C-alpha cells in the first residue's frame, strides 16, 4: 500500500516530459493574424512614402528609404532599440523645386558603398521628362553635397539592371536624345545604345531583369507597344553569351482593357519563373482579373476572377497619368512574397470598392486550383477578405512585404492617405503566422571584393540586380520540391522589391539538397556563372559572395541560422527529459542511501545481540 501511495507523486515527475513532448508533437496551430507594430518601429515618425529598401550602413539590417514633402529623402536606419527605425540620413532636393518620383539604391561606381539614384520631375517641366541624380555613398552614409546630375532625361522611370555583366548596376531607359533604349553603364557613367527595336516602350513600364529561359542568366523583359498596331505586348530579350536578342513576343490577354504591372514569381513551385499580369476587362475596373502565363508557354490562364465579397464588388484602381502630377502616380501592382512560407508565393494588392470610395489592401493567398479555368496553372489566388488589422487601414495606396525583425517571416507595410496633403501614413503589421513552416533567406552580393573590401567592411547593402536563385529539396511527403526567385528584378514605379529573397519550404525540416545561384555574365562569355551548395540547413540566411565573378567554384557563402519555434519546443522537451532523469537518479540515490543506513543499523544490532 505504501508503494501504491507513492505512485501519484512519481507520475508527477513525468509532467515536464509529457508537457514538452505534447507541445512538440502537436505544434502550434496555424493562424493568420496580423499585429500593428507601427509605434514600436517608428515612434512618431510613421509618415512619408516608402520608396525602397537597402542596407545603407552595411550592418546586415535592412534600412528604409522614405520620401517626404515631395522632395526630401530620409533614410531610416535599423536600430536594436525602440523605435527600431530612426531617421538618421537626410538628402534634400528642395533647391531644385522637384517632385521625387523614385529611389533606387545601388553601388553605381563599384566602390562597394551604397549610392542612391533619384528620379524627379522638375518644377518647370513641360514634357514630363524625368531628371536623374546619383548621391554617392561615403563611409556607410550619403553626402548631400556629393552628387552627379545625369546629363540626359528619361521618358519614364529607368530600369536598373546589369547590362554588361560586371556586377555594377547600369541604368536602362529611353532618353531625350534617342527613341531607342539607351544604357548608362555604372562605373564610368558612359552612355551607349542598348538595343535596336521598332517597338515603343509602354508608359508606365514594368520591364524586368530576370532569368526567363532557365539558364541562370538574367534576361531582359520589356513591356512595349506594337510598332504598327500600338497594342500592348511583352518581349523577352534572351541573354545569349552576354548579348541580348529578342526571343519571344507575347500579346496581352485579348479581353484585358486596362493592363497593370507585370510581376514574376515561381507561382506553381516548379523552379521556373511565371509571368503574372493584373488588369481589368473594362476601363473603370468593374471587372478585374489576374492572368498568368507559365514559363515557356504563350497561353494566358486566369488565376483570380472573383473579386466579390458579401455582395460587394471590389476591383483594381486604374492608373491615372496626369500631365502635372502632385503625387507619385501608382499603377496596378502585385507585390509578391511568401506570407505563409508554404513555398508558393502570395501577393498584396490594393482594391477599391466599385460602388463606393473605400480603398484597402488585401492579401492574395496562393492555393491549389479548384476550378476548370485555372487548371493549366495548377494553382490560383484566393482573396483573404478578413484580416482584421489590414482591413482597418482605410484609403490604402501601396502594400508590400518586408521582413521587419530579420527573422525570415515576411511582414506587411501599408501606405495610406490621410497624414498630410502630400504625405502618406506608414503602417507596419507583424505577421503572426505560426504554422512553424521553414524558409531559406538568400542575398547575393556584388562580389567586387571579398577579404580586401574598403575599411574591411563587407558590402552587404549594395542591392545587386540580376542574380537568380533556385533550390531543390524533398517535402514532408517525400516528393521532390523546387523553388526559385530573382533578386531585384524590377526597380520602377514603387516596385519595392527586397534586396534579398525569402523562399518558403513548407513544414518540411529536411535539408535543402541543392541550392543554385547564378549571376549575369559579360558579352562574349559562353560559360554560365552558376554555383551549387548542398545540404543547406532550413531557417538559415545565406549570404553569397560571388568573388571572383568568373570562377564560381571559388565563390563563398556565409550561413546564419534563425532558430524557429520548433527549436524552443525541442529545448523544453529536452530540459523536461533531463529534469525527469535527474529526479529519478536522485530518488534512487536517496532510496539506496536509506537502505544502506538500514542495513548498517541491522548489522550493528546483530553484532551487539551476538555479543550478548
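Including glycine, each Cβ sits where the backbone N, Cα and C put it.
Quick look at what Swiss-Prot lists:
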type: CARBOHYD; residues: 36; note: N-linked glycosylation site
type: CARBOHYD; residues: 95; note: N-linked glycosylation site
type: CARBOHYD; residues: 139; note: N-linked glycosylation site
type: CARBOHYD; residues: 146; note: N-linked glycosylation site
type: CARBOHYD; residues: 151; note: N-linked glycosylation site
type: CARBOHYD; residues: 176; note: N-linked glycosylation site
type: CARBOHYD; residues: 188; note: N-linked glycosylation site
type: CARBOHYD; residues: 226; note: N-linked glycosylation site
type: CARBOHYD; residues: 243; note: N-linked glycosylation site
type: CARBOHYD; residues: 353; note: N-linked glycosylation site
type: CARBOHYD; residues: 371; note: N-linked glycosylation site
type: CARBOHYD; residues: 482; note: N-linked glycosylation site
type: REPEAT; residues: 258-293; note: repeat 'FG-GAP'
type: SIGNAL; residues: 1-33; note: signal peptide
type: TRANSMEM; residues: 567-587; note: transmembrane segment
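Taking the features listed in Swiss-Prot, we show where each one sits on the structure.
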{"residue": "36", "record": "N-linked glycosylation site", "DSSP class": "strand"}
{"residue": "95", "record": "N-linked glycosylation site", "DSSP class": "helix"}
{"residue": "139", "record": "N-linked glycosylation site", "DSSP class": "coil"}
{"residue": "146", "record": "N-linked glycosylation site", "DSSP class": "strand"}
{"residue": "176", "record": "N-linked glycosylation site", "DSSP class": "coil"}
{"residue": "226", "record": "N-linked glycosylation site", "DSSP class": "coil"}
{"residue": "243", "record": "N-linked glycosylation site", "DSSP class": "strand"}
{"residue": "353", "record": "N-linked glycosylation site", "DSSP class": "strand"}
{"residue": "371", "record": "N-linked glycosylation site", "DSSP class": "coil"}
{"residue": "482", "record": "N-linked glycosylation site", "DSSP class": "strand"}
For this session: Fill in the CA-CA distance, residue 139 (N-linked glycosylation site) to residue 146 (N-linked glycosylation site), as an integer in Å.
Result: 12
Exercise. How do the residues of the repeat 'FG-GAP' (258-293) split into helix, strand and coil according to DSSP?
Worked result: 0 helix, 18 strand, 18 coil
Seminar exercise, completed: Whole-number Å distance separating the Cα atoms of residue 371 (N-linked glycosylation site) and residue 36 (N-linked glycosylation site) is 35
For this session: Would you count the other C-beta atoms found within 10 angstroms of the C-beta of residue 139 (N-linked glycosylation site) for me?
Result: 11
Exercise. In the structure shown, with every protein chain counted, which of the glycosylation sites 188, 482 has the densest set of Cβ atoms within 10 angstroms of its Cβ?
Worked result: 482
For this session: Could you tally the C-beta atoms, other than its own, that fall within 10 angstroms of the C-beta of residue 226 (N-linked glycosylation site)?
Result: 14
Seminar exercise, completed: Here the 10 Å Cβ neighbour count for residue 243 (N-linked glycosylation site) comes out at 11
Exercise. To what whole number does the mean pLDDT across the repeat 'FG-GAP' (258-293) round?
Worked result: 95
Seminar exercise, completed: Smallest number of other CB atoms within 10 Å: among the glycosylation sites 36, 95, 146, 176, that is 95
Exercise. Which residues of the same chain, at least 6 positions away in sequence, have a Cβ lying under 8 Å from the Cβ of residue 353 (N-linked glycosylation site)?
Worked result: 312, 313, 314, 359
Exercise. Which whole-number value in Å describes the distance between the Cα atoms of residue 151 (N-linked glycosylation site) and residue 176 (N-linked glycosylation site)?
Worked result: 10
Problem set entry | Fewest other C-beta atoms within 10 angstroms, as judged across 151, 371, which are the glycosylation sites | 371
Seminar exercise, completed: For residue 243 (N-linked glycosylation site), the spatially nearest of the glycosylation sites 146, 188, 226, 482, using Cα atoms, is 188
Exercise. What's the CA to CA span in angstrom from residue 146 (N-linked glycosylation site) over to residue 176 (N-linked glycosylation site)?
Worked result: 25
Exercise. By CA distance, which of the glycosylation sites (36, 95, 176, 188) lies nearest to residue 226 (N-linked glycosylation site)?
Worked result: 176
